[in-house]
Every structure is written in C-alpha cells, then in structure tokens.
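Per Swiss-Prot, the features are as follows:
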REGION    1-32  region 'Disordered'
COMPBIAS  14-24  compositional bias 'Basic and acidic residues'
BINDING   65, 92, 93, 94, 114, 161, 183  S-adenosyl-L-methionine binding site
C-alpha cells in the first residue's frame, strides 16, 4: 500500500460530518387582523397574511418583529385617517407586513423599501406576489372592495437611508408620501441622522411619519429615544407619543431587562405648517 493510500484509509481525507451543511431555508410566519378592525373596515379581506421570511440574515429579514405587528394593528384601526387613498412608503421593511396591510386596506400607492440586499428584495417581491396569489385562491367569488386583486400599485425598491431619494420621489408623482413608516429601525443609532433626513425629504406636505419600535437593547433605550430629539433639532419634526404596549421579548437575554424589552412604543412625527 502506498503512503497516500495508507493515509487515505486512515481517514485523514474523510470529510467531517458537518462539512456539507445544508443551506438555510427561508422561514415563514403569519399575521391575523384583529376582528374588531375587520368589522369596522370597508375592506373585509384578507383577514390573514402569510409571510415568507428570509433565511437567517444579518439584516434581520428572517424575523417577523413585534413592532411590525403592532404597526399593522394601529394602521388597520386608523386606516380611514392614515391609509385609505394615501401614498405610503416604508423604510427597512423586512418581510413587508405593514406595507402589505396598507395596500389591503385601500392605500393609493405603497412603496416598500429595504437595504438593497438581493435576498431581502427578492423576499419582499415574493410576499407581494403571494398576497395576490392568496387572494385569487380564496376570494374568487368575493364581491366587496378588493385591492389585493391587483398589486400593480405596490413597488419594492432598494434604498439606503440618507442616499439620493429622487427616484423614490419621482415614483410618488413628485409629491412625496402621505405616510412614511419606520417600524423597528431606530435601533440603528448611527443612522438616525440619515433616517431623519430621508423621512423629511420623502414626506408630502401635511404628511406623517409613523415610528414604532422596541428597545431590544434595554441599556441603550435613551439612545433609541434620541432619534426624536434629532428629528426635532435637525428637521423640525414634532413628536406625539401614541402608545406603549406590553408584548413579549423577541430575544431571551437578561432577565432584569425583560420588562422593557417586551414593550412596543409608537410615535407620530409631523412638520409644523
């Protein structure tokens, strides 16, 4: 037996058991509208949204966040005022739940943005397409208003906060957007100035910026809140606190911070006329 054959037979060149790790697969989750919101809405369907999530991703598209659910609940409840007939844009959309909800309850236009990562954008487009497929499969005989029968007014775009937003403004017809959604993005403390700048640049006259977040890093809660100071000092936004809701923590970390990490806070930003 040659030396090479001897080494090979001894297992030196055998591949470790975990050498061929299976590729991580996309996940899934779902969201159900609250019955009281459906009952009060002109738009009775869909009542449920099936969402594809990315495989584990450093940009966090693999989770359906509490803030996204709460954002959707609030916009469903207040759709007459905030959504119906409005132009809507979402930053850092992840799976896109709030944007999909806005389309379903009568938004005129919805632009869904996230960091220009191929997996994130593909996943968002998948969820837009799935919204229509789910509608077609379940509601062929539905006679009520049906925005989900046509998703052509929904667009998915890559966007880096603080970068040139002229294309997004052009997509709005040059007017800007009536509602800018920032759902669970203020934990990016280094990006606050860019977030504020882009939100103001894309906002239509009289428009609103809806900010919802959870303090995932409880010890940095004050830095989360600093977003609102910067929004006032750097862009002239006025902030109104709308709610703080007890949910559950997204991550199991320090027991002593569990209470704060369970909270979801909502604010509305407007510019002085």
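Each residue, glycine too, has its Cβ placed from N, Cα and C.
The binding-site residues 92, 94 differ in how many other CB atoms lie within 10 Å of their CB, and the one with the most is 94. Here the binding residues for S-adenosyl-L-methionine are 65, 92, 93, 94, 114, 161, 183. Their largest Cα to Cα distance works out to 20 Å. Long-range Cβ contacts of residue 161 (S-adenosyl-L-methionine binding site) within its own chain (separation 6+, distance under 8 Å): 91, 92, 191, 194, 195, 197, 198. Under 8 Å, Cβ to Cβ, and six or more positions away along its own chain, residue 183 (S-adenosyl-L-methionine binding site) finds 65, 67, 68, 71, 90, 92, 93, 94, 98, 210, 211, 212, 213. For the binding-site residues 65, 114, counting C-beta atoms within 10 A of each C-beta gives the highest total at 114.
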